[in-house]
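Let me begin by presenting the structure, written as structure tokens, before commenting on it.
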Amino acid sequence: MRFLPGEWFVVRIILTLAALDTVLLYSKNIPVDVVGYASIIGIGLFLVAAGQYYRVIRHEGRLALALIAAGLFVLFTIIGSIFNYMFLPNTFAPIDDFLMQVDAAMGYHWPTLLIWVSNYPWFGTFLYQVYFTSLPQLLVIILVLGFMGEAQQLHRFLLTGVIGALLAIVIWALFPNFGAKSFHDLPQSVLDAFPIAVTPAYGDALLALSRDGVEYLSPKNVLGLIGFPSFHTVMACMSVCFVPRHRILMPVIFCLNAFMALAILVQGGHHLIDMIGGVGVFAIAYALSGLTMRKLSIDYQNISELKTV
């Protein structure tokens, strides 16, 4: 197999996480939906294998870049989500009381925001749809950068996501928190007004996981555990920062993420400070990915394949 330097870096992280997941799952004796996880991992491996075929056999470098990056994205996402769950039940007490105090100092109150949005159900529904574009946006950017042959930019994108996710997991493990939706109730009229992705009932399920741990791990019922720092915010920053300067794609991504900022609060049930933390994590991850890619730049220059990608 032939991996480019940035790809190798991500592969090593994925393999390390996979080994840790295996050890922790065994030591914690957590039942796992083997078929469910194997099917998703199989998709990731298939994409990587297809990319290797087009790189080594067909010499179609751009297609190979896109396929391998997409495969690594899938693999890290699923293996990283398992790793996140290995910190359950939480060792430390949630810090949401402190986060809500910070929000209050900034004049933010989640139920008040939801009550206001409920007066405009069409807008709440629109934010619901926007909220679920985060992962598709990232996949589109991966494919576009790959087909453009922007290897180093694509791999910095991957590294930023990987580093950002690991930072978010570590911060959350040390300072558990579950967002505003876990500590506030909403009037039934608000719940009925428009679809809400993350409700107080979802928050109750998170608190139960924090207290009791996971009884059966399956990709079908995995919940988004992390409140602060908001990884949805990290993903939005990635989309805006890495979107190719295309006359159609760029304004679409910018517009979506302008609304994503509000969707994260309304539909994600986050504290306002969660988003500020997400921006901070992105900034650190972006800086570290840049440092890593600069160290790998000589290796890229020595790869003649990139001259024809």
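Backbone N, Cα and C atoms are what each Cβ position is placed from, and that goes for glycine too.
The feature domain 'Inositolphosphotransferase Aur1/Ipt1' is assigned by TrEMBL to 99-288.
Residues annotated as transmembrane segment in TrEMBL: 34-51 (among others).
Look at TrEMBL and you will find 63-87 (among others) tagged as transmembrane segment.
Residues or ranges marked as transmembrane segment by TrEMBL: 126-145 (among others).
Per TrEMBL, the feature transmembrane segment maps to 157-175 (among others).
Residues annotated as transmembrane segment in TrEMBL: 222-243 (among others).
With a threshold of 8 Å between CB atoms, the same-chain residues lying at least 6 positions outside the transmembrane segment (248-266) that come near it are 110, 113-114, 117, 124, 126-128, 130-131, 133-134, 137, 140-141, 144, 196, 230, 232-233, 236, 239-240, 272, 274-275. TrEMBL lists 248-266 (among others) with the feature transmembrane segment.
The feature transmembrane segment is assigned by TrEMBL to 272-291 (among others).
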Subject >> Positions whose Cβ lies under 8 angstroms from the transmembrane segment (34-51), at least six residues beyond its ends >> reply: 63-75, 78-79, 82, 218-220
Subject >> Cβ contacts under 8 Å made by the transmembrane segment (63-87) with residues that lie 6+ beyond its boundaries >> reply: 3-4, 7, 10-11, 13-14, 17-18, 20-21, 24-25, 28, 37, 40-41, 43-52, 54-55, 135, 138-139, 142-143, 145-147, 149, 151, 154-155, 158, 161-162, 165-166, 169, 172-173, 214, 217, 219, 222, 225-226, 309
